[in-house]
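Novice: What follows is a single structure, and I will ask about it in a moment.
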Amino acid sequence: MAKVAAIVLAAGKGTRMKSELVKVMHPLSGMPMISWPVNVVREAGAAVITLVVGHQSEKVREFFADQGDIVFASQEEQLGTGHAVACCSEALSGFTGAILILCGDVPLITPETLQTFLEYHYRQQAVITVLTTCMDNPYGYGRVIKDAAGHVTEIVEEKDASAEQRQINEINSGIYCVDAGFLFTAVADLKNDNAQKEYYLTDIIKTAVAERRTCCAFPIADPMEVMGVNDRVQLAEAGRIIRVRINKALMVAGTTIIDPETTYIDHGVVVGRDTTIYPNVCISGGTVIGDNCVIESSAVIKGCKVGDCVTIKAGSVMEDSVIGNTVAIGPMAHLRSGTELRDEVKIGNFVETKKIIMGAGSKASHLTYLGDATIGSHVNIGCGTITCNYDGVKKHRTVIEDDVFVGSDVQFVAPVSIGRNSLIAAGTTVTKDVPPDSLAIARAPQVNKEGWKLKNK
């Protein structure tokens with residue numbers, strides 16, 4: 001295929017979102033909304049992508065700053081789509097080939113559709129091809145006017161359309177493929193003599209027709225692909241459609257999702273074969289989950305790397321953690337950022353971890369806080385154990401070596417180190433290092449006063 005560039009229009013504020021955040025930067029299934037059309041034109045073959053920015057341009061520029069195929073064009077005053085494209089003339093100066101043009105609030109268009117669209121444009125040897133669709137209720141959309149041969153002669157906006165033209169149900173999607181040599185000459189000559197007093201990009205069709213050049217329509221069957229997102233209702237609907245696509249792709253690849261409608265998996269998440277995901281699970285942040293895992297209901301997993309044969313029980317929350325193979329987590333466990341669990345570790349109910357390394361085969365089965373700690377292999381952490389890691393100013397680490405047994409209700413006042421094969425008696429508060437092969441016990445001796453209750457009645 002010939003060389004292709006793309007223009008993504010992203011300068012508008014999006015007032016109907018009722019938000020301080022510019023519309024195209026609203027999150028959608030793990031990415032800002034504008035990332036969806038940008039990624040799609042890239043997959044469709046665009047060698048260079050020009051983003052037209054205006055409102056909160058610094059947020060858009062910052063997000064895409066490290067993506068070398070993206071350049072920016074500023075539209076300080078929003079005077080219409082034609083004006084927005086004209087702002088790209090310098091950024092695309094000297095480019096020859098086809099230019100894809102679409103809006104930054106159209107996240108559902110697919111790479112396959114755009115690739116077919118481009119191929120059609122070249123086959124027809126058109127100067128302009130408009131991607132269109134038919135709608136049962138086309139209110140608010142520009143209508144596509146054609147001649148007897150089926151070529152596009154005009155696109156008329158809703159407010160400028162006659163009663164007869166409003167009966168047409170083939171609408172302009174706002175996605176175009178235009179010959180670069182024609183495009184910037186045509187937009188430079190646009191006028192704003194319309195109801196909106198804007199420079200309509202669609203008016204370049206009149207120029208092409210006057211020059212007896214071919215303008216084509218490329219209709220697609222699914223109107224949802226070209227749905228624009230203008231408010232939070234449409235944002236939620238777009239998220240639902242993307243979620244269906246993500247979950248379907250995972251299921252086709254070998255993941256079992258018990259109830260796809262209540263399973264929320266973001267773009268960029270990888271899940272292995274024969275893993276089962278139960279309802280009301282949320283997985284995000286580029287999480288990678290291995291094969292043969294079980295993710296029970298209401299688990300929340302963000303930015304984690306999970307090995308094979310891992311069970312994450314109901315209600316567990318995990319973020320920025322690394323999990324080995326054959327690990328059991330939860331129910332109701334909380335793995336905070338910096339947690340690393342080696343193979344065959346068990347983290348039970350109401351256990352919280354943060355910035356720890358826990359060696360293979362170690363267990364913390366219930367009601368425990370482990371923070372800023374290095375724990376060896378085959379260590380048993382008893383119920384109610386706490387690493388006291390914060391002195392009010394700084395965080396300190398606890399080190400527990402291999403094969404240590406920690407009884408219930410133990411506090412480690414960091415910094416402290418426990419030697420291998422030691423035993424920490426239940427109820428002990430550890431304030432100094434424990435040598436290897438030792439018993440540490442630090443609690444007041446039990447005193448029984450017989451008959452005490454009778455005397456004090």
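Backbone N, Cα and C define each Cβ position, glycine as well.
Sequence annotations record features per position, and here Swiss-Prot assigns region 'Pyrophosphorylase' to 1-232. Among the features that Swiss-Prot reports, UDP-N-acetyl-alpha-D-glucosamine binding site is placed at 9-12, K23, Q75, 80-81, G142, E157, N172, N230, R336, K354, Y369, N380, with the record citing sequence analysis. As annotated by Swiss-Prot, Mg(2+) binding site applies to D105, N230. Annotated region 'Linker' per Swiss-Prot: 233-253, in sequence order. The region 'N-acetyltransferase' annotation in Swiss-Prot covers 254-457 and rests on sequence analysis. Among the features that Swiss-Prot reports, active site, proton acceptor is placed at H366, with the record citing sequence analysis. What Swiss-Prot records for N389, Y390, S408, A426, R443 is acetyl-CoA binding site, and it gives sequence analysis as the kind of evidence.
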Novice: Let me know the most crowded of the binding-site residues, choosing from L9, Y369, S408 and counting other Cβ atoms within 10 Å.
Specialist: L9
Novice: Ranked by the number of other Cβ atoms within 10 Å of their own Cβ, which of the binding-site residues A11, A426 ranks first?
Specialist: A11
Novice: Near N230 (Mg(2+) binding site) in space, meaning Cα within 10 angstroms, which of the binding-site residues do we find among K23, N172, R336, R443?
Specialist: K23
Novice: So of all those recorded positions, D105, H366, A426, R443, which one's Cα sits nearest to G80 (UDP-N-acetyl-alpha-D-glucosamine binding site)?
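Specialist: Checked the recorded positions D105, H366, A426, R443; minimum Cα distance to G80 (UDP-N-acetyl-alpha-D-glucosamine binding site) goes to D105.
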Novice: Out of G80, G142, give me whichever of these binding-site residues has the highest number of other Cβ atoms within 10 Å.
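Specialist: When each Cβ's neighbours within 10 Å are tallied, G142 leads.
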Novice: I'd like the Cβ neighbour count for R443 (acetyl-CoA binding site), meaning other Cβ atoms within 10 Å of its Cβ, all protein chains included.
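Specialist: Excluding its own Cβ, R443 (acetyl-CoA binding site) sees 11 Cβ atoms within 10 Å.
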Novice: Cβ under 8 Å to the region 'Linker' (233-253), counting only same-chain residues 6 or more beyond its ends: which ones?
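Specialist: Cβ under 8 Å, 6 or more out: 17, 26, 28-29, 33, 36, 107-108, 224, 227, 260, 263-267, 269, 271, 273.
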Novice: Can you name the residues of this chain that are 6 or more positions from H366 (active site, proton acceptor) yet have a C-beta less than 8 Å from its C-beta?
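Specialist: Correct list: G348, N349, F350, V351, C383.
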